[in-house]
């Protein structure tokens, strides 16, 4: 392929190591071109991280790449095969509307998957058109970048391109393609697919590839596959704790949406909790509350058990011993998660050291928040700045008694009051992607072609711990007329 000056200048440096795995793992895809691609948003800071030139990315040649109209040298576009437990039921899945362009190698030697989401049908489309509409792609862009700013491991969004073509859902909608960036797209469901339909040799090849790509430091230990289980558990324990600490509800925690890298992936029906309630569910398809806020840690443990099951043939030649090894590791997940969560909750309350009664102090606050329908984010924000007024919770006798116990707890630690307050302000975001704010930005962009609302929202969300005056209006919870909020997967 002849390279243009624009392509050379852009900084594309693609490899396709995934294509070296057995052919059962993927299908090589010829991209489906679109008629009139247009770049509507570009993540310039992320482009810099990837070693890409933002100006050159906006050229016609690069636009053709981001739209799936053109392949790059070093790229071998493919759709990945995987399976998954969806709401507890096993299913054969795969990239039904996405293709992996390849792996961008940055100037520092890091490797990131570049995936086009909404790029057209694949052998795994299961009758779908393989396309995506603009609203859900912009939504993933907003929330994934907000998660990154919050310090939560996540896939990210490089660009959104409109296709100039309509996609048919309940009505005709503008088509779009998102360029998703990830440490990799290896999922628990990837291992489930090979464990179900592959050989032990293919399973070993996948595990070895994963170790080399994500955990090279444990590759030489006595039982590297047990170490793989341990590392994935550690990553997910830290991730789910961070979700809980900011009130994030994923909405579709199927095993195909749990990454091996420990990144959050798939922002279809997700949302952030307003009033604190462990039973909060936003997804329109989660009618039984399987993936409710309070269930997320337990579901993560269930998913990890499915992951460990796939590796049983590699853990030990004796099946009973392999099962015991896996069970021992899975049993540690909730304890590990809880340790991360408790440390994070202490920080949200300005607590530096550990005392036995800390957990009961935290749980008592959460019970009062639930009883009084207190806003989760704003309650901790108010505690951080000692602005304890204007809500039902702060006017109760229960809270006054709790507040006295909390102040006494802070006085028992060596750190100063100012240090505690700074810890709280660094641990409690002032702004989150409030559901009504996200919807307002999407309405302006999709219905009116006005991206200024979205750009302003992205700017505010990029500094969640700044607590600046211009963020004040974005801290407001939704009006009662905007509740209850429902999300849809957008597929």
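Note that Cβ sites are derived from N, Cα and C of the backbone, with glycine treated the same way.
Taking a C-beta cut-off of under 8 angstroms and a sequence separation of 6 or more, residue 94 (ATP binding site) has the following same-chain neighbours: 79, 80, 81, 82, 122, 123, 124, 193. According to DSSP, residue 94 (ATP binding site) is assigned to coil rather than to any helix or strand. Marked as ATP binding site by Swiss-Prot on the basis of sequence analysis: 94, 96, 97, 117, 129, 130, 180, 187, 266.
Annotation comment: Swiss-Prot describes 256 as active site, proton acceptor. Counting Cβ atoms from all protein chains shown, residue 256 (active site, proton acceptor) has 24 others lying within 10 Å of its own Cβ.
Annotation comment: Swiss-Prot describes 257, 266 as Mg(2+) binding site, evidence class sequence analysis. On its own chain, residue 257 (Mg(2+) binding site) has 84, 187, 189, 250, 265, 266 as residues at least 6 apart in sequence with a Cβ closer than 8 Å to its own Cβ. Residue 257 (Mg(2+) binding site) falls within a helix when secondary structure is assigned with DSSP.
In the three-state DSSP scheme, residue 129 (ATP binding site) falls into the coil class. Residue pairs drawn from 94, 96, 97, 117, 129, 130, 180, 187, 266, the listed ATP binders, are separated by up to 23 Å at the Cα level. Compared over the binding-site residues 97, 180, the count of CB atoms lying within 10 A of a residue's CB peaks at 180. Taking a C-beta cut-off of under 8 Å and a sequence gap of six or more, residue 129 (ATP binding site) has these contacts in its own chain: 97, 120, 121, 167, 168. Secondary structure at residue 266 (ATP binding site), taken from DSSP and collapsed to helix, strand or coil, is coil. Between the CA atoms of residue 180 (ATP binding site) and residue 256 (active site, proton acceptor) there is a gap of 16 Å.
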